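Novice: Okay, so Swiss-Prot annotates it like this:
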DOMAIN    1-75  domain 'Carrier'
MOD_RES   Ser35  O-(pantetheine 4'-phosphoryl)serine
Amino acid sequence: MVFEKIKALIATQLSLDASTITLDTRFKEDLGLDSLDALELVMEVEKTFQINISDATLQNFKTVQDIVFYITKNTP
C-alpha cells in the first residue's frame, strides 16, 4: 500500500507512467530527479503520510525502496 501511494506521487510529480516505477527505481539515475523535484516530492510524501523527513534522511534516499522502507518504519 505504501509503495502504491509513493509510486502514484512520483508519477504525478514527474509526469511519468506509474507502471515504469519499481522498488528498485533510482531517483537520480533512473528518474532524473533534481533537488527541486526531490524537495517537492518529499513535501507531498510528508503531507500524504503525515510525517517529517529531515534533510539528512532525505540524502539517504537513493531508491523508491528506501523511502518506502522509511515510511513503513516511521508511521503507525
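Numbering starts at 1 and runs along the chain as displayed.
Yeah, the Cβs are placed from backbone N, Cα and C, and that goes for glycine too.
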Novice: Where DSSP helix means H, G or I and strand means E or B, what are the helix, strand and coil counts for the domain 'Carrier' (1-75)?
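Specialist: Looking at the domain 'Carrier' (1-75) with DSSP, the answer is 47 helix, 2 strand, 26 coil.
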Novice: Count the other Cβ atoms sitting within 10 Å of the Cβ of Ser35 (O-(pantetheine 4'-phosphoryl)serine), across every protein chain shown.
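Specialist: Total other Cβ atoms inside 10 Å, all chains included: 9.
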